[in-house]
Amino acid sequence: MIARLLAGAALAALAVGSAQAQQGKISGDVVKIGVLNDRSGLYADLGGEGSAVAVRMAVEEVGGKILGKPIEVVSADHQNKPDIGSNLSREWIDRDGVDVIVDVPNSGVALAVQEVTREKKTIFLMQGPATSRLTGDACSPTGFHWAYDTRALAVGTGQAIVKEGGKSWFFLTADYAFGHQLETDTAAQVKKAGGSVVGAVRAPLNTADFSSFLLQAQSSGAQVIGLANAGGDTITSIKQASEFGLTQSGQQKLAGLLIFLSDVHALGLQVAQDLVLTTGFYWDMDDEKRAWSEKYKAKTGKMPTMVQAGSYSSVKHYLKAVEAAGTDDGPTVAAKMKEMPVNDMFAKNGKILPNGRMVHDMYLARVKKPSESKGPWDYYEIIRTIPGDEAFATLAESGCKLPG
Amino acid sequence: MSTIFGIPPQALFGQLLLGLINGSFYALLSLGLAVIFGMLNVINFAHGALYMLGAFVAWLLLTTAGIGYWWALLLAPLVVGAFGVVLEKTLLSRLYKLDHLYGLLLTFGLALIVEGAFRHFYGVSGQPYPIPDLLRGGQNLGFMFLPNYRGWVVVASLVVCLATWYAIERTKLGAYLRAATENPVLVQAFGINVPLMITATYGFGVALAGLAGVLAAPIYQVSPLMGSNLIIVVFAVVVIGGMGSILGAVLTGYGLGLLEGLTKVFYPEASNIVVFVIMAVVLLIKPAGLFGRER
């Protein structure tokens, strides 16, 4: 009995081996793109269905076909739960033949999916997650981090605010992988620029009432309250900080370390005005970005966030690489992607480091006052372009150790 | 300066006050749940969705008709209450003869439908609702800055909770209601319209949720998720207080708000689970809840 089982297993292994040997061309005769993100919770507006729309736009631009085979886009909701995220991606890859996974906000989920895609040698295009660990100690040969990361946010917003005189910091941190990393990276930049960190408080993800944490931040006496959170949590904390008069007194300043266009839209300029933030994309910067964004808006009724625009850009680049490589085999395409510069409406002369970090210019922006804004979505004034090499860590700094 | 457990007393007072404010919402919502459970024996899972609906009605009144906060405070609960009456008449009333579980499943399904519909149309980031002019600004209490609006929330919720408790425990109508819960057949035999009373009770219970929604609108974003964020905690409050006990729901609501506030100072990471830890402990020691009666 055991001998038979063993023989069966050996045969199966042989079959798998020969299937892999026949690589080249398109697996399953279809290129399947899976958009995995939060479609119903606090991060749904910054990625969500919008990311899927952006990906479909990239697919339409190449005519829905590549190397003569159709391209299919599927999407699913990971509900911000790492176990659901990794199970879904396993199911997608093993059962449905998904070739590339896109977006996956929430660093906790992304770290789990990165493990799956590394094991399965599947391409993983990360837009939503922030933690710089994804191209650091948790890097993968087939993982790509695209729109931004915690290090770029820290360099942009952290340094800018210290230069303006905000020397002492108190962090209000989302209590999971992302918040911790954003706090760590920002604290490092603040200290580098000559500032100090006086304390931090860790708030659970998806907190309804931040007033207690804000009060602790207030009594710390720090000049700057750094919000190391995102999406719905950022919106609530900024809104309630204004309610409790934290910023009106002029003694304390809020630093939103990760703010998306959708957050500013939800807050309204009255509350959000003068916030300084770092972003990888803003629709109203040049003709190419405007044209693409208007097309996106026609489909969704909203202007894209950097996550959604990045989803488009990364899928576009992926498809180019598949075309050039003549196959959808993960490692082969990944190598091709790293060879080619990224040039599209999202990034000019973007380059991809061996650890998967897509290095492109980031932008320091200030939220306009209601009087300066010409209408809905006219929200940012770009005050500085941060060169990619300054914003993102080098391969050596990242701490990524790839085999070979 | 002296400290209590390493925290300056001023900071502690501030946190207690904040806890009381959050407790006000817990109390208002759990009160509605307790009233409904007490009279109908229905575990109303749609409560969070109706709370959200209250906030959205206020927001829609403001943005589409220009009707402000004070009218919304009256109109939104009426709209939500009317919606509740329709639900009770058309759907819930068919389930009274069945197990509790069916009411729970029905209301849970309704909650998912209502929230999903709003999420589809309005997204998850929410809509801003301004604080009414009269209640803008705040008071410097020495130990903290108290926004006027939050003070108003505490007062309003205390008044509503007390009035509800008085109406049910101390008036003739309340006596009928309590009697109808004990023995509906006998009360009906005395010529009292029990089905009407049940419908009215459900309408009133959900109107309380609508009211809480309007009160919450200026503090939180008016978002489709606001109900589901809160409802689980509120259920824990009701379970700890004792299912169906009105006084228990109110006292537990405020008490847990305070306790949660303290947790946010001493061990912030645990602030979203402390209520459930207490629930587990209470269930082990007093399965009927702190104020509940064993049946």
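Backbone N, Cα and C atoms are what each Cβ position is placed from, and that goes for glycine too.
Long-range Cβ contacts of the transmembrane segment (B:12-35) within its own chain (Cβ-Cβ under 8 Å, at least 6 residues beyond either end) map to 4, 43-44, 47-48, 51, 141, 143-144, 146, 150, 153-154, 156-158, 160-161, 164, 168, 201, 204-209, 211-212, 215-216, 230-231, 233-235, 237-238, 241, 243-246, 248-250, 252-262, 264-265. The transmembrane segment annotation in TrEMBL covers B:12-35 (among others).
Sequence annotations record features per position, and here TrEMBL assigns transmembrane segment to B:42-62 (among others). Residues 29, 32-33, 36, 68-69, 71-73, 75-77, 79-80, 83-84, 87, 92, 95-96, 100, 103-104, 107-108, 110-111, 114-115, 118, 122, 127, 129, 202, 205-206, 209-214, 216-217, 220, 222-231, 234 of the same chain, all 6+ positions outside the transmembrane segment (B:42-62), place their C-beta atoms under 8 angstroms from a C-beta of that stretch.
Feature annotation from TrEMBL assigns transmembrane segment to B:68-88 (among others).
Per TrEMBL, the feature transmembrane segment maps to B:100-122 (among others). Same-chain neighbours of the transmembrane segment (B:100-122): 40-50, 52-53, 56, 87, 91-92, 223-225, 227-228, 231, counting only residues six or more beyond its ends whose CB sits under 8 Å from a CB of the stretch.
According to TrEMBL, the transmembrane segment annotation covers B:149-168 (among others).
Residues of the same chain lying 6 or more positions beyond the ends of the transmembrane segment (B:200-220) and with a Cβ under 8 Å from any Cβ of it are 24-25, 28-29, 31-33, 35-36, 39-40, 42, 44, 46-48, 50-59, 69, 72-73, 76-85, 87-88, 92, 126, 129-132, 149-150, 153, 156-157, 160, 164, 177, 226-227. Positions annotated as transmembrane segment by TrEMBL: B:200-220 (among others).
According to TrEMBL, the feature transmembrane segment maps to B:232-254 (among others).
As annotated by TrEMBL, transmembrane segment applies to B:266-285 (among others). Distant neighbours of the transmembrane segment (B:266-285): 5, 7, 233, 236-237, 239-240, 256, 259-260; these residues of the same chain sit at least 6 beyond its ends, with a Cβ under 8 Å from one of its Cβ atoms.
Residues 20-21, 24-25, 27-28, 31, 35, 131-132, 135-136, 139, 174, 177-178, 208, 211-212, 215, 218-219, 246-247, 250 of the same chain, all 6+ positions outside the transmembrane segment (B:149-168), place their C-beta atoms under 8 angstroms from a C-beta of that stretch.
Beyond the transmembrane segment (B:232-254), the same-chain residues lying 6 or more positions past its ends with a Cβ under 8 Å from any Cβ of the stretch are 20, 23-31, 33-35, 37-38, 47-48, 161, 164-165, 168-169, 275-276, 278-279, 282-283, 288-293.
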